[in-house]
Amino acid sequence: MTTEAGSETEVKKGSEQLGPDKGKDKPEEESETPENQKSREASSEEAQDSSSAPAPTSQSSPSSQKKEKVSPESKGISRFLPPWLKKQKSYTLAEPKDETKKRTTEEEQVVEESERQTPEGVAQPKKSLEEAGAENQRNAKADDKEKHSVPSPETQPAKEDGKEMEVEKVATGKEETQEEKEKRETKEVQTAEIKTEIIPQKSPKKIKTVQCKVMLLDGTEYTCDLEKRAKGQVLFDKVCEHLNLLEKDYFGLLFYENSEQKNWLDSSKEIKRQIRSLPWIFTFNVKFYPPDPSQLTEDITRYFLCLQLRQDIASGRLPCSFVTHALLGSYTLQAELGDHDPEEHRSDYISEFQFAPNQTQEMEEKVAELHKTHRGLTPAQADSQFLENAKRLSMYGVDLHHAKDSEGVDIMLGVCANGLLIYKDRLRINRFAWPKILKISYKRSNFYIKVRPAELEQFESTIGFKLPNHRAAKRLWKVCVEHHTFFRLVSPEQPPKAKFLTLGSKFRYSGRTQAQTRQASNLIDRPAPYFERTSSKRVSRSLDGAPMGISDQGLLRDFPATGGQTAGDKIIDIEAAGQAKLKEGGREDDGSPVKTPQLELTQDGKKKGDHIFQVKTLPGKEKQWTTMPWIAGAKPEETNKRHASRAEGPCTGVSDAAKSSHETLNIVEEKKQAEVEIEDTLVVDETNKGKMQVATDAGETCKVEHLSKKDSSSLPSDSSSSSSSSESEDEEVGEYQPHHRAIEEVIREEQEEEDDMKRKEHEEKTQRVEAIPEGSKLKVPVEHTQVTAENLVQENAVTIATEEKNLSEEIKQDLGEEKEEEQLKLNGDVSHVDIDVAPQIICCSEPPVVKTEMVTISDATQRTEISTKEVPIVQTETKTITYESPQFDGSAGGNAGVLLSAQTITSESISTTTTTHITKMVKGGVSETRIEKRIVITGDADIDHDEALAQAIKEAKEQHPDMSVTRVVVHKETELAEEDEK
Amino acid sequence: MAGLGGGPAAFGRCTHAVVRALPESLCRQALRRAAGPEVDYARAEREHQLYVGVLRGKLGLQVLELPADESLPDCAFVEDMAVVCEETALLTRPGAPSRRKEVEAMKRVLESLNLNIVEMVDENATLDGGDVLFTGREFFVGLSRRTNQRGAEILADTFKDYAVSTVPVHDSLHLKSFCSMAGPNLIAIGSSEAAQKALKTMQQMSDHRYDKLTVPDDAAANCIYLNIPSKGHVLLHRAPEEYPESAKVFEKLKDHMLIPIANTELEKVDGSLTCCSVLINKTAVL
């Protein structure tokens, strides 16, 4: 819990900017109650965000640029955020939602302040219109702010989430600082976080302690008292100290939600927040199985690894053949009993040990037989032999997770040192090595990996898996992030923190990587510690994970559960709650993700702003956006949840887009080509047979040459920007781009440094590739959209925005039944606000069609060839067509309008899901109301999508006769016959 | 005893081989994927005897030769009946119903070797040994007309130590119709599109990187690698008269003792070199 000095500068910035906020924070911090703490954190986060947001403005553009470079993602995010969103913050704050808690209001105020700053900042950049980038930055900032504001005002839960996020951030920051003080990578955001934490620490008096129990690998129990707010690291260090273990990075502490769901205690976060109402009972386990145990430095480390493996084997988690069971068992005997002694070791001496889940007499005889052959081996040698054999087992170090593939077939996902393995009934059906994986993400209960295109393939493909619930998805995602970082990176990546746009979890592995731990191990200079090998007789009992879990549960019951609800329930609540997030949401895992994204966005805002700037110029980035929203839309089931979530803020989709954009951005800037990144949207829905996703954005078609397909995609994104906010709202999302990290400055993959380069090239290539398909593949839906566009009648404020150069006006059609009127009024009110119109050149030229190859398959066996029915390969063609006026983007990005209000409304019918996002803002004295409607039409072939689309557009027009359609984006996903795809 | 087969270093070790004499019914009644010239029984027998002679005489293996059964025209292709890895033998359930009785004789002989025998009793499972490629580190199982998912699952359950990955096989009888192991870490692979595709799949599935030896002819990619203590790397491959281009490729293997073997007659009924034997490494008796 020590505070790190590294971030001071950053803090200062934040403090300066957010001076008032700080003050607020401090008092809050002083209060010791957890809630207060949370609020503090939230406030601190906000402060951070605000600080971050203002910082760019206040700072010269160059700084912002730098930031951009550093964290391209943030930029990407900002891009997404529409200018109006920025403004929204304040409005939202003003809105009554805040009522829930005073704290929230305070926070909001803070936010507002920050926001205020932002507008100023915006104005400044405007001054230097020359630098469109600056404007973009502003926008981005504003957007970020908006996001913040959106979540915070809406509900306290958001704040809580923010807290959680902060906590995570803080923790990460701490760890980093501790571990990597030298590096000093800590960023502003981190510092801010640190502050918050520190403060709580300062509050000295009310230290409550809790008794922790830790089940050790030898079956014994370790008990200690911990400060109630201690972080996982504290406990872990205590345990390792107790065990006399130095090479501890391979290990971790588990807690069980139930007999099956185990979670790794994040050492950078407070324990209490992680376990919630669960009893303080943990299990000390191996977390990263070293592929070559002989490289461990100390015998004691190998010993614990042996104990773990014996558990794994005895419990059946690590399957072995009969012969291997016998062999490993014999080494266990040799290690624990020494040489076979015919006198002492009678026939039955073995049956007290458990070597296998189903131990037979025959096996015991075999074990005894083999035991005799090991005569002379020391315990350490026997352990080494044990490990040499165990490490060759195919399931050694594979962490299995239940999942379903895109077709609903039960599979297992195995995370290991080398990558991700896909199993179906014990058979390996696919494998994705880490270098092949571009991105790992999760959204709700879906887990996605984005894979490099195969040799002859043009497109990256995203593969989706369905996890039992979103917690499982997040758990898997975390495990992947950790394994990738531990085994593939030289040093851990910095957590996304404020800089990142990451919508979802900011979680990153914060411990040492294998490379680092090996390095550290080399420095171990102590005589081999003496330790006693306990008999595995005991081990066999306590080893089993399941029993532990059960016991835990029992304990849980005994313990007064604050929440009372199970984690799962809570989650549900959160989702349902949507916008209004309950305190429950505040719980670290569940709540945090949602908030996190938002928070992150806000924090990122400054940087993002910069990025945004770029983004606007680069349409490609936007693509991603669009896709993401679409995705969100694609899942009808979740619409309700979405509503709630949408209000909150940009979700994963955004983050994804942002990230991808980041990567691409560099490239794009250079070449000014649209990025070719294919949308990551994975539609995991098993149901999707032909999904038509239509976003009706108004849009006159504007043509900008350089805006290529990406633009089209981007366009949707813009529209989505409004919508994006909603998208981002998706509660839990986490993204992790293994390779890209390098870009971020933080981490380099050993081998993959080159990859980045290649990647870029690759991306470029892909873009080109895409272009071709796009052109060729316009589809009917486009026509519809055009029709709508033509119909554009009139413009409100909207027109003004659009008017500028390109003529595009964007109007979002509204389903939003209720509040249009209100919004209109608002517009009028706001008119006084001056907005600079910095028309950015954003145009979409031809209806860009983006073709995305979606492969949802878990089967490597793949494609055509699988004789089995279950062949999980589904190829989908996704097309996105956008008609838009360039201005839209420009207006969005360039004009710093004042956001008066924003709302999202979702309605659902059998085959269509309509999400309406209404944004009111004032630009240059003109109030503008934008209505963005996202209509998702899902259905089989028997649904006439075109018809449905036309109908939807028609309805939208009818509903808002006084508005014009500025952009229409049609995103169509169709399953293709495998052969059809190139 | 080294466990897990002693690791990759021990790959190819072999002490025993099970073969079966050719029934005369083979000529007309053996299953074949495509009609073609009739098998010259006399010549087939000569080739087979040469094959057995190499295993027994030249390599010093203990060859257990089962008598032919005229009611089982395909009985010479013993490989399909059993998958033996280390001390465990999985008796298969061949995909061709007419061949299922062939397992009985195989069972008897394997029992005589004191192997741990696992029988595939699931009636939904089919597995031909020709679809099973064991690399020393893992299994690849071709999902073909003869082998299905369930069969592969049972194999995975039998050999729990190893990863078992499935590979779709089209356009050929078995997975090993176009590939085989030519060394401890070396996969011989045919040049056909299907073969290359299968190889790619295997490469993707594996944590390990194998070297590959690409030969022009798919059929020639089926060879037999042995690690004989006194002779080192031994490779039985198709004769230059049959596949001259492929033979040239094999001849580039410097460290291998190369033994060309003709298999022209049995090839007419889809027989390959590996088809005609089950190789067993019976380690020292404990």
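Note: Cβ is positioned from N, Cα and C throughout, glycine not excepted.
TrEMBL does not curate its annotations; it predicts them automatically.
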Record-annotated substrate site (TrEMBL): member among B:ARG146, B:ARG150, B:ARG209 besides B:LEU31, B:ASP74, B:GLU79, B:ASP80, B:ARG99, B:VAL269: B:ARG146
CB within-chain contacts under 8 A for B:VAL269 (substrate binding site), separation at least 6: B:LEU26, B:ALA30, B:LEU31, B:ARG32, B:VAL39, B:ASP74
Fewest-neighbour residue among binding-site residues, criterion Cβ within 10 Å, set B:ASP74, B:ASP80: B:ASP74
Chain A neighbours, restricted to the recorded positions B:ASP74, B:ARG99, B:ARG146, B:HIS174, B:CYS275, by C-beta under 8 angstroms: none
Near-site residues: substrate, ref B:LEU31, B:ASP74, B:GLU79, B:ASP80, B:ARG99, B:ARG146, B:VAL269, CB cutoff 8 A to centroid: B:ALA30, B:PHE77, B:PRO94, B:ALA96, B:ASP128, B:GLY130, B:LEU173, B:ASP270, B:CYS275
Local Cβ density at B:ARG146 (substrate binding site) - other Cβ atoms counted within 10 Å: 24
B:GLU79, B:ARG99, B:ARG146 screened against B:CYS275 (active site, nucleophile), Cα within 10 Å - retained binding-site residues: B:GLU79
Pairwise CA distance, B:HIS174 (active site, proton donor) versus B:ARG99 (substrate binding site), rounded so that it is a whole Å: 15
Fewest other C-beta atoms within 10 angstroms, as judged across B:LEU31, B:CYS275, which are the recorded positions: B:LEU31
Cβ atoms near B:ARG99 (substrate binding site) (within 10 Å, other residues, all chains): 22
Under 8 Å by Cβ from B:GLU79 (substrate binding site), counting only residues of that chain that are 6 or more apart: B:GLY129, B:GLY130, B:THR274, B:CYS275, B:CYS276, B:SER277, B:VAL278
